[in-house]
Structures are given as C-alpha cells and as structure tokens.
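Data first, discussion second: the structure below is written as structure tokens.
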C-alpha cells in the first residue's frame, strides 16, 4: 500500500530523522517484491504422456538446466513512482501544518534547529543507554565537531554496501537499518531496541543457525537487569559513578553489534546454502 507506506515514512522521518534511511528498503520492496532467495538454477522436468503414473520419477525426464540468473532483472517502477508521489504529498501536508503551528514561535527554521539540529549536535548529555553522551562529555571541545561528523557518518557509510548486498531481501535490510540506527543514534531508548528485536521473528527460519544466540540472549537479560541498578546507584544514591552505568551501555552496544553481524552472516549463509543445493539437485536426481 504505497500511500500508507509513504505516510508512515514521512511521519517517522518527521519525528526522528533516522527513519529516513528506510526509503531504500521501501523502494526495493515496492520494485522487487518481498524477501526472496537469490536468483539461482532450477531444474525443469518433462513428463512422458505414455506412462501410467506421470508423476513418478521414471516417467519424468530431465530436460535442461534453466539458469534464472541469466534472465533480465525486472524492476517495477510504477509502485515506486506511486510511493514517491504520495511521499511528496504527505511531506507538503506535514510542512504546511508545521508552518502554521510554529508561526508564532520562530517559524520553520527554528523548528528544524530545535528538532533535527538538536539530534545532530548532541547538546543534551543526560545519561541514556547510548554511548554518545559519555563520549562527548569527555572529549575536548576542539574535536567535538570532528567526532560529530564521524559518528553520524557511521550510519551513512553502511547504507550503500548493505543495500547492494541485501537488495533481494528488502525486509531484512530494513531490519538491519533499524538496528544500526538504534545503536548509533544520538538519544536511543529501550523502545528503539524493542522495535528491531520484535522483528527477529520475521526471519526465524533463516536465522535458525544464528551463532552465539545463547550468549546474546543472556547478555541482553544481564544488561537489562544491571542497567537500572547502576543508574540508581549513580544518580539517586550517589554511591557509584558514571563508569558503572556507561559500562552497561557499552556492553549493550557490543551485544547489538554482534547480533547485527551474526544476523547478516546467517542470512548470507542461508542464501549460499540455497544456491549450493540448487546446483547439486540435478546430480541427485540422476542418481
């Protein structure tokens, strides 16, 4: 549903800025369709009409190997254009409403400075489950702009390589983008992690061989229990320090990185296994 997808994308980008990267998996999803295995070899069989049981293996003769990878890749631009059209309409609609509502409070420029500018400049260093607040509290002011560019570029640098490698799995690509954004965003929350963790069930079959699943599960449970304890000791009781709470944030970030890396590796191994089985299947049929 292109109009509904465009509305969700526009509102998500308006509220948080980071969902803007989801336009790439949305375009791939509308143009190529849902997640699918890589293009591979299929065996075509021709059944003889004279056999008593046409469905039996003896009455079927192997005709040829049909290489699907040689077919031209068809990308449907019609739903993509439809999506971009509705995205433009919703964007204009939201900007007009915002312009009317903030007219007495500095206008659109002040709104962008207080929303997107606040996210990009990381002015609020209140403790959270992210890693940027502690880093920018310790970094020299002279290097602040440099590290701001580096941290924000981390998200953008990974967009194109992942899109090229996972173009046949746009839904999983969206999952990876959401996970990376929730790790590297300026002000992450538990809800950001809950969103992409809830999407793991979407790929339960492909991620059946996920490594370190036991370690990741109990590591996240441990961090979930220790993080509020360390926060309470530091903020409310004053018996701890920032390093205790920041250690739990660093551990949580490491667990998320391992989860993303292993998930991508498991998906690629699954596709590689399908490709290998598609090549070896005709040999098994002859035997």
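The backbone N, Cα and C atoms fix where each Cβ goes, glycine too.
Looking up the ranges 171-187, 188-204 in TrEMBL, the one annotated as transmembrane segment turns out to be 171-187.
Residues 16-17, 144, 147-148, 151-152, 185-190, 193, 227, 231, 234-235, 242, 245-246, 248-250, 252-253 of the same chain sit 6 or more residues outside the transmembrane segment (114-136) yet have a Cβ under 8 Å from a Cβ within it.
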